[in-house]
Amino acid sequence: MDSLTIPPVDLRLLAPLLVVVTWATVLLLVDVFFIPDGRKKLTGYLAIGGLVVAGLVGLPLWGVTGTTFGGMLRLDPFALTLTWIFLLIGILSITMSLDYLPGQGIEQGEYYPLIMFAVSGMILLAQGTDLIVLFLGIETLSITLYILTGFAYPRLTSEEAAMKYLVLGAFAAGFFVYGIALIFGATGSTRLGEIGAYAASRGIGDLNLTLLLGGAAMVLIAFSFKVALAPFHMWTPDVYEGSPTPVAAFMSVGTKGGALAALVRLLFEGLPTLNEYWLPVLAGLTALTMVVGNLGAVAQTNVKRMLAYSSIGHAGYVMLGVMVAGEQRGPEAFLFYMLVYALSNLGAFAVLIALEHQGENAWRLDDFAGLYQRQPLLAVAMAIFMFSLAGVPPMAGFMAKFYALTAAWEGGLPWLALVGVVTSAIAAFFYLRVIIRMFMTEPEGEPTPTLNRGLTVDIALAAIGTIAIGLIPAPVFALVERSLVVLGG
């Protein structure tokens, strides 16, 4: 009888993840027993501290490559770079929530640990090299977001958004599990490396190939829902509009980042030899996503819904890098785009929160009328974010789109790069429309927005980062290049 073998475990490789999970768990207890109502901001500050500590413990791990838990989790510079991006997203999202929650009358201490648990799910997706781990990561992220989406209870729009997200998310989870079952039935493994080796072998039969392709299709459908690729995007505008604005901001970048990180692993390590099957499908979904997202945004007069459709379009641009993951430039474009998009989009949502303090209807395009005369610095910051999201030089968004389009062109998808160029031109219309309202329209009696300390820090960091990366992109380029030296090794 074979003895039970315990796989080797190197917890050092999981240091940032363990810090986030442990800190969030302890913080839940501390909040319940030691932090009274009315002082829940302290829980938020402690959560920010935990995310900062998680980032710091990752610094000595730069350049370290290894697997743990029997090869189910992998630390490499790619995963570590994404971990730092995810921690930054969590910090900025919590910072913009500190005054928003009490202002809306929904301040609850568990909000901040939930954000931390969501970040832990994103980190798990970046490090996972096993389909079971990827499922755990995406469900950890999703379940926390179901709760956070309905956090504005008893506001009906928030409850409706949470219910829609929960039902459709459960549907996507079913696809994921069924896909894992088919892939395991075809290959006998859930490890991405072993799946890739089996798919590359000449001994794979027609039946197993059919099962493998069917399972891969199921998993890709699940990821498409999480990323909001068309036609799996229909939930996005309603869920973003009904969610508390900081939650919508977090979802717009966090869900995409985590799911696409796992998708890069899956395509690059698990299915590289089957790209003749999945590449045309993903290319079609990407083109449709860019078209639907940007055309949908043009028709919006609600800026929050416009940013939701904008996030759909940007999912298509990020996919340009993901699809050519077999080429060095593809994952580089993905990492660079995720960082730039996170800064620009979180900054834009922070401006929305500054206006939202004046009432529930502060998302209309008319609410931006004459903003430059009422709050000049806020208008300038929003203009920076809009120019960046539109891809206008010298903002960082221009370099990100250029990098992604170049990756698609050099990766053998020139037609898709051209679709990206055309849809970027369409996108410029609705971004510039916001800028025109702020600078070239007279105020119509709207109150002057007030900026609290948290929002000021968020907006300032995002604006400075957007400009700095646009003007001096070389250091960030160097970082992402070093992050991919050992990807898939």
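Numbers run from 1 along the shown chain.
Cβ atoms here come from the backbone N, Cα and C positions, even for glycine.
Feature annotation from Swiss-Prot assigns transmembrane segment to 15-35, 44-64, 78-98, 106-126, 131-151, 166-186, 209-229, 244-264, 306-326, 333-353, 378-398, 412-432 (among others).
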Cβ contacts the transmembrane segment (44-64)/the transmembrane segment (106-126), at least three under 8 Å, sequence gap 6 or more: yes
Listed stretch, out of 106-126, 131-151, 166-186, 244-264, 306-326, that has the most CB pairs under 8 angstroms to the transmembrane segment (412-432): 306-326
Ranked first among 15-35, 78-98, 106-126, 166-186, 244-264 for CB pairs under 8 angstroms with the transmembrane segment (306-326): 244-264
Proximity of the transmembrane segment (244-264) to the transmembrane segment (131-151), 3+ C-beta pairs under 8 angstroms: yes
Residue numbers, six or more beyond the limits of the transmembrane segment (78-98), whose CB comes under 8 Å of its CB atoms: 16-17, 20, 41, 44-45, 47-48, 51-52, 54-55, 58, 61-62, 111-112, 115-116, 118-119, 122-123, 126-127, 244, 246-247, 249-250, 253-254, 257-258, 261, 264, 331, 335, 338-339, 342, 346, 349-350, 353, 452, 454-455, 457-458, 461-462, 479-480, 483-484, 486-487
Intrachain neighbours beyond the transmembrane segment (106-126), with Cβ under 8 angstroms and 6 or more residues off its ends: 16-17, 20-21, 23-25, 27-28, 31-32, 35, 40, 43-44, 46-47, 50-51, 73, 78-79, 82-83, 86-87, 89-90, 93-94, 97, 133-134, 136-142, 144-145, 147-148, 151-153, 244, 250, 254, 257-259, 261-262
Same-chain residues at least 6 beyond the ends of the transmembrane segment (378-398) whose Cβ lies under 8 Å from its Cβ atoms: 310, 314, 340-341, 343-345, 347-348, 351, 354, 368, 371-372, 424, 427-428, 431-432, 434-435, 438-439, 449, 451, 459-460, 462-463, 465-471, 473
